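Student: Sharing a structure here in structure tokens format.
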Amino acid sequence: MAKKSSSGKLTSGLSESRKLEILGILIMAIGALLALSIITYNSADYALIQSLSTDTIFTVDEGPALRIQNGLGVVGAYLSYVFVYLLFGYTSIIIPILILSYGWFIFRGFDVKQLLWPTAYGIWTMVLLSTILGWVYNRYEAYSSVWNGSAGIAMSRVLENITGIGSIVILGVLFVVTVLMLLDRDLQKTVDFIKSTVAEWKEKQAEKREERAQKKAEKAKQKQEQQEIEAQRQAEQKMKQRQASTQARQNSEPAKEQSIDDIVERSQEEDLERMRQQKEEVKDLDQRPRAIIDKGEAEKVVDEEEDDVDIAVYVGKGDEEADAKELDRQNKDKAKEVPEIKYKFPTIDLLDSPPHEGNEVDLEEIKENKRIILDKLKRHKIEILSINAIVGPTVTLYELEPAPDVKISKIESYANDLKMATAAHGLRIIAPIPGRSAVGIEVPNGARETVYIKSVINTKRFVETDMELPVAFGKTIENEVFLVDLTRMPHLLIAGATGSGKTVGINTIITCLLYKCHPDNLKFVMIDPKKIELSLFRNIERHFLATLPGAEEPIVTDTTKAQETLESLTKEMDERYDLLKMAMVRDIKDYNRKYEEGDLDEELGHRHLPYIVVVIDELADLMMTAGKQIEEPIARLAQLARAVGIHLVVATQRPSVNVITGTIKANFPARIAYQVASKVDSRTILDTGGADQLIGRGDMLFTNGGGMTRIQNAFVSTEEVEKITAFIGNQMGYKHPYHLPVIEDEDGVSDIPDPLEDIDEYFEAAAKIVVLHQQGSVSLLQRKLKIGYNRAGRIIDQLYNAGVVGPYQGSTARDVLVDDEDELEQLLDELDEFEG
């Protein structure tokens, strides 16, 4: 606890916050005056200073003191002489800037420890700049020494004596490193950015050179064609003239034999005709169907020799790629709307770019699969009228239109025969395809495509969406980005065997939300009994994580703590419902809108409510150790938490009925199944088979209570997650993580740390405010102490443990148990004695 001063226990006077404000103003005034003295330095003032005496300072007429040019008079002349002339020249202006910063932080009540790094950086920059300017002055005397000061000249001379001409190399390297530290304290990231920028520039230059070469070749080709046409025209004209003259001679001399010129003319005419035919043949050859089709095209290939059933092959063009900087621009504008912290969204260049060479579709493979499917079905007397192939990243869907008299169940019964005939691992039959009069057979591609997270996030569909919590899982068979809003699901149940892509899927969900949501609007509660899967997200604790007060780790790994966290979330849910009830709104979106418009009174406890996404990986471990204690809060949150902005993402690698119980399953309409071991597991998670026929590595089925969609999960690597979390973690976040409510046991004792162990510095000031107003309100402390909601809530909990206020009473303020300030002083004395 902050110790009370020995000067006595005053019942009135200035509060601690008011004293800090006055101290901050005084420090800022000192900084401003020092800056004025440095800026108005005049070298002539020094001679006047030397001639000053006690008598001349107080001389009313034109004494030396009145001729001093410094804006701060005699004091300013002395100060500027020390800082500008004796020390570091005009670069000394950094010192009053630092003093002003300290004064501002103290005035606003910010933690001055945050200025330790800027202070060290500022002093280092001042010394370095002074030395560099001193080096230039020693060499060239290109300007007055006031820019570098005597200290700068001395340091540069010492360095030059030691290293000679190498001194400028050393100073240059130090200057570059200092500038890079100013731009971005992560030097490795800056180097990587420069390398990528240079690589992009080289690539653009190569493209431009290739484009110029291509244009040059096209011009040369056009010129050659024009020359050929002109030569052909001249030859034809010459031939016509010769034919006319020959005809005239034949008319005059019919008995004369053919000359050699006639034979040459006919030969030239035949050659020209042959050239025209060859050009037409080349053009026809270019228009023939190729064996490989680039993505984005659709082509119909007829195989009339084997059967009379045509196959049309379709490959979706996919979503249009967004401008490379469009997402960054949008996020920058979004960050400006929340001035509480200077937050920068992760940039798109943190993600790995997909290979430039596009995946190709092997028509021979498709035609072979078509032949096998039709042949197998024909042997069982199943007639197929038409067949289409839709090529996706992982599988190709063959749409078969059976004859009217064919039973669908008959096709389904031959699934194993088709699987063996195609030698495909994971063939799946959809009978019928929803919304179409066709049966679908999904056959894995021989060469599957990796869907990179950047190719999903950097699309217009994702960038331009107005969803609250957008999640782009990956791409469908049609090569379209599968984008859903987590607020509409509203909870998600995920199951998959080890190595099927479940953890990558969770990382994809979190990554999408980090790229679209500001820390002010989104918090994560991460529960990871395996202790390693979600550990990558520790760096974003001060920005995006919500924890219990006093929690040692931002990621919950202990089963007991997981139970407490889930119960705390149910309490948070109840508190939010009370706020919605007072605001007379139905959901969190309308509530926040009314709060931002100023329609809700903070004195009644109203505050901005961020969305909370609870990520649990792995549910099976929790159910095995806690069972009902875990199941009940999860079921309650799943039933009620949607309206107040709390959403669950629960994952398990054991989709058995004792893990995914009926109570949990009934409240999770949105489910994802990666590859599982058996049909029983598939039915447990999806209520139907199919997940056992997936081929792993992100191949998944998604259902939201309606149809089933097969998706290739976007791949986000561990390195990409590390870069994103480091980018966020290196920024200055909130002072504390978002704190969830404290759970009190049956005796009314909370689980927060003992009040004598981790007391807030505003504890005494808060106690006096609460007793003076006789109101145990979080919003009262926010307003009077100018602190955030989480910190004020934590102080209220500490006051409760100290016996100043009563227990939590929902939306109403807590009762104050201390009647006056004399009783409060006695209570604080007792706590001091106990602590001592």
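Yeah, the Cβs are placed from backbone N, Cα and C, and that goes for glycine too.
According to TrEMBL, the transmembrane segment annotation covers 20-41, 82-107, 119-137, 162-183. Look at TrEMBL and you will find 209-290 tagged as region 'Disordered'. The feature compositional bias 'Basic and acidic residues' is assigned by TrEMBL to 209-239, 254-290. Look at TrEMBL and you will find 242-253 tagged as compositional bias 'Polar residues'. Annotated domain 'FtsK' per TrEMBL: 478-683, in sequence order. Annotation comment: TrEMBL describes GLY496, ALA497, THR498, GLY499, SER500, GLY501, LYS502, THR503 as ATP binding site.
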Student: Among all protein chains shown, how many Cβ atoms are found within 10 Å of the Cβ of LYS502 (ATP binding site), not counting that one?
Tutor: 26
Student: Which residues of the same chain, at least 6 positions away in sequence, have a Cβ lying under 8 Å from the Cβ of THR498 (ATP binding site)?
Tutor: GLN653
Student: Taking the Cβ of GLY496 (ATP binding site) as reference, which residues of that chain separated by at least 6 in sequence fall under 8 Å from it?
Tutor: LYS502, GLY505, ALA651, GLN653, ILE672, ALA673, TYR674, GLN675, VAL676, MET700
Student: Near the transmembrane segment (20-41), which residues from the same chain, at least 6 beyond its ends, have a CB less than 8 A from one of its CBs?
Tutor: 14, 69-72, 75-77, 79-81, 83-85, 90, 92-93, 95-100, 102-109, 146
Student: Output the one of SER500, THR503 that, of all these binding-site residues, has the highest number of other Cβ atoms within 10 Å of its Cβ.
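Tutor: Of the binding-site residues SER500, THR503, the highest Cβ count within 10 Å belongs to SER500.
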Student: In sequence order, which residues at least six apart in the same chain have a CB under 8 Å from the CB of GLY501 (ATP binding site)?
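Tutor: Once residues fewer than 6 apart are set aside, GLY501 (ATP binding site) is near TYR674, GLN675, GLY696, ARG697, GLY698, ASP699, MET700, ASN713.
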Student: Just how many other Cβ atoms lie inside 10 Å of the Cβ on ALA497 (ATP binding site)?
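Tutor: So the number of other Cβ atoms within 10 Å of ALA497 (ATP binding site) is 20.
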Student: Using DSSP, what's the helix, strand and coil tally for the compositional bias 'Basic and acidic residues' (209-239)?
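Tutor: Counting residues per DSSP class in the compositional bias 'Basic and acidic residues' (209-239), I get 31 helix, 0 strand, 0 coil.
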Student: For ALA497 (ATP binding site), which DSSP three-state class applies?
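Tutor: The residue in question, ALA497 (ATP binding site), is coil (DSSP, three-state).
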Student: Restricting to the domain 'FtsK' (478-683), what is the model's mean pLDDT?
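Tutor: The predicted confidence over the domain 'FtsK' (478-683), as a mean pLDDT, is 90.
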Student: Within 10 Å of the Cβ of GLY499 (ATP binding site), how many other Cβ atoms are there?
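Tutor: A count of 12.
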Student: Determine which residues of this chain, when GLY496, ALA497, THR498, GLY499, SER500, GLY501, LYS502, THR503 are set aside, have a Cβ within 8 Å of the centroid of the ATP site's Cβ atoms, and list them as they appear in the sequence.
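Tutor: What remains near the Cβ centre is GLN653, TYR674, GLN675, GLY696.
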